[in-house]
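Accompanying notes for the structure given below.
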Amino acid sequence: MSAFGHDEAWMEAGGFGLEAAERTEYQSLCKSKLLFLGEQSVGKTSIISRFMYNSFGCACQATVGIDFLSKTMYLEDQIVQLQLWDTAGQERFHSLIPSYIRDSTIAVVVYDITNINSFKETDKWVEHVRAERGDDVVIMLLGNKIDLDNKRQVTAEQGEEKSRNLNVMFIETSAKTGYNVKKLFRRVASALLSTRTSPPPKEGTVEIELESFEESGNRSYC
């Protein structure tokens with residue numbers, strides 16, 4: 001059984017102040033895909049769990065096989081269906097990742113602010129994305145676990161500087177407290193919308209997909 005259970009679709013309109021009658025007038029987008037990348041234990045799965053279920057756990061049953069999660073939200077005048085792909089950080093799974101990058105539209109590269117090595121490895125992940133997708137992708141550099149600020153090894157200024165050098169977006173979050181998690185998804189969805197240079201088909205949707213490949217055994221979300 002997976003960490004997430006089964007596929008779920010969520011409709012979230014309250015945060016955007018929409019009435020039911022207004023939703024019928026909204027346009028939708030073509031398919032896309034959001035991919036989470038980063039080293040093991042940086043909190044990729046925890047961020048997804050916080051966004052999908054508003055929950056956090058330091059230990060849960062390991063994911064076996066593939067999970068698919070989706071969440072539909074309303075942003076500006078568009079319906080955005082987020083389908084999230086979660087990749088395992090273990091070295092044994094790294095050879096699988098390029099095939100999942102190839103059709104991605106958004107890549108979120110995650111590091112742990114209490115682990116300087118995970119921060120150093122973000123260059124590698126961004127290089128992988130650009131090698132497969134060039135400039136046809138939105139990239140967000142994400143520093144997670146800011147609830148552990150007293151153990152911080154990477155400053156926000158260092159994260160911002162690296163994001164400028166790599167020409168990517170930047171944000172810090174806490175999957176544990178939920179700080180900035182919704183903002184993360186709003187920002188990447190907005191960035192995706194801004195890359196659309198022509199009006200999307202009325203019947204389409206933005207789809208950003210999630211698959212997770214995790215090593216068997218106990219793991220930590222923290």
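One is the number of the first residue shown, and numbering goes on along the chain from there.
A Cβ is built for glycine as well, from the same backbone N, Cα and C atoms used for every other residue.
The range from 58-66, 139-147 that Swiss-Prot describes as region 'Switch-I' is residues 58-66. Between the stretches 38-54, 89-105, 157-173, Swiss-Prot puts its region 'Switch-II' entry on 89-105. Of the recorded residues, N144 (GTP binding site) and D86 (Mg(2+) binding site) place their C-alpha atoms 15 Å from one another. Cα to Cα, A175 (GTP binding site) and D86 (Mg(2+) binding site) are separated by 15 Å. Distance noted between the C-alpha atoms of S41 (GTP binding site) and D86 (Mg(2+) binding site) is 12 Å. Reported as a whole number, the C-alpha separation between T45 (GTP binding site) and D86 (Mg(2+) binding site) equals 7 Å.
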